[in-house]
Amino acid sequence: MNSSSGSLASVVRQVRALLWTARVELSGAFRYRASFVSDIVVYTVILTLFMMSGSGHSLSEKYGVADYRSLLFAGYIAWTFANSALVSSVNNTSAELSRGTFYRKLNACCPLPLIQLGELLSTVLMNCIVAFAVAIIGGIAWDLRLYVSGVSVGAIAMCSLGMYGMGLLLNGATIKYKRVGSLLFLFQLGLLFVTDTIPSDSIVLSVTRLVPLTACNDLIRLSMIGADFVEPAVRLCASSLAWLALGYIVFRFLLFRAKKDGNLLHY
């Protein structure tokens, strides 16, 4: 009985720690509202380029509907969440390493993975605001509609976990090798063109099927047209959990190597 009570108390403490971390990150973001504005501007500019260039026509043929812009926009919104999840831990770790405060996070009373999950939660919540703002602009400019359903929300949530796992690989590289900003930018940009957010070549998709965002885009679009989406749903769950596990293992290994090599506090 005492053991069960102790385990329950431990779980409650960890949940509180996760929520506290998310609250702190959110309050910090709201104090520096320029980041919100810059994200909205950047995402709107990119969307404008795609709308003006007529990108996404092949989505009409693939999914059998005329409104390719809505399909493109659904994938684009999913990309913004995947992008945020990918960079959430990397940006925080890079900033703390440059300030020399990362050791505090390592020595915190809360486990590091729990702190990072709190950061992910705050990042996803902040991106909801950004995505809503972009959707309003898209609706006014091109009559786009933000597709929201239980399926799309669940798909984006699972995709965010998987992309966060991919981000842990870069996070580990940040700790071990320090500056990886250029590599991170290439990842962010590449996701647009290889995950069928913008229609991708079938040969490319045969490889990137293992990326959570690819399955997420397919799942959301199939649900939009009322088609069966079991296969991409299974693929999304499997790939997200696999990337999350792989990312965590590699991150812990690179963190261990950085400690062993004595370069953890150097930037």
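Just so it is clear, glycine is given a Cβ too, placed from its N, Cα and C backbone atoms.
Heads up, TrEMBL stuff is auto-annotated, nobody curated it.
The list of residues near the transmembrane segment (40-59) in space but at least 6 beyond its ends in sequence, with Cβ under 8 angstroms from a Cβ of it, reads 68-69, 71-73, 76, 80, 130, 133-134, 137-138, 141-142, 192, 198-199, 221. Among the features that TrEMBL reports, transmembrane segment is placed at 40-59 (among others).
Same-chain residues lying 6+ beyond the ends of the transmembrane segment (71-90) with a Cβ under 8 Å from its Cβ atoms: 43, 47, 50, 55-56, 59-60, 63, 65, 116, 119-120, 123-124, 126-127, 130-131, 134-135, 138, 144-147, 152, 155-156, 159-161, 163-164, 166-168, 170-171, 174, 180, 184, 187-188, 191-192, 195-198, 212-213, 216-217, 220-221, 224. Residues or ranges marked as transmembrane segment by TrEMBL: 71-90 (among others).
The list of residues near the transmembrane segment (124-142) in space but at least 6 beyond its ends in sequence, with Cβ under 8 angstroms from a Cβ of it, reads 22, 26, 29, 36, 39-40, 43-44, 47-48, 51, 69, 73, 77, 80-81, 84-85, 157, 160. The transmembrane segment annotation in TrEMBL covers 124-142 (among others).
If you look up TrEMBL, you'll see 148-170 (among others) marked as transmembrane segment. Only residues 6 or more beyond the boundaries of the transmembrane segment (148-170), in the same chain, are considered here, and those with a CB under 8 A from a CB of the stretch are 74, 77-78, 81-90, 116, 120, 124, 180, 183-184, 187, 211-213, 215-216, 219-220, 223, 229, 233, 236-237, 239-248, 250-251.
Here TrEMBL flags 182-200 (among others) as transmembrane segment.
Residues annotated as transmembrane segment in TrEMBL: 233-255 (among others). Within the same chain, residues 113, 155, 158-159, 161-169, 171-173, 175-176, 209-212, 215-216, 219, 264 sit at least 6 positions outside the transmembrane segment (233-255) and bring their C-beta atoms closer than 8 Å to a C-beta of that stretch.
Beyond the ends of the transmembrane segment (182-200), by six or more residues, the same chain brings 46, 50, 55-59, 62, 72, 75-76, 78-79, 82-83, 86-87, 90, 166, 170, 173, 207-208, 211, 213-214, 217-218 to within a C-beta distance below 8 angstroms of the stretch.
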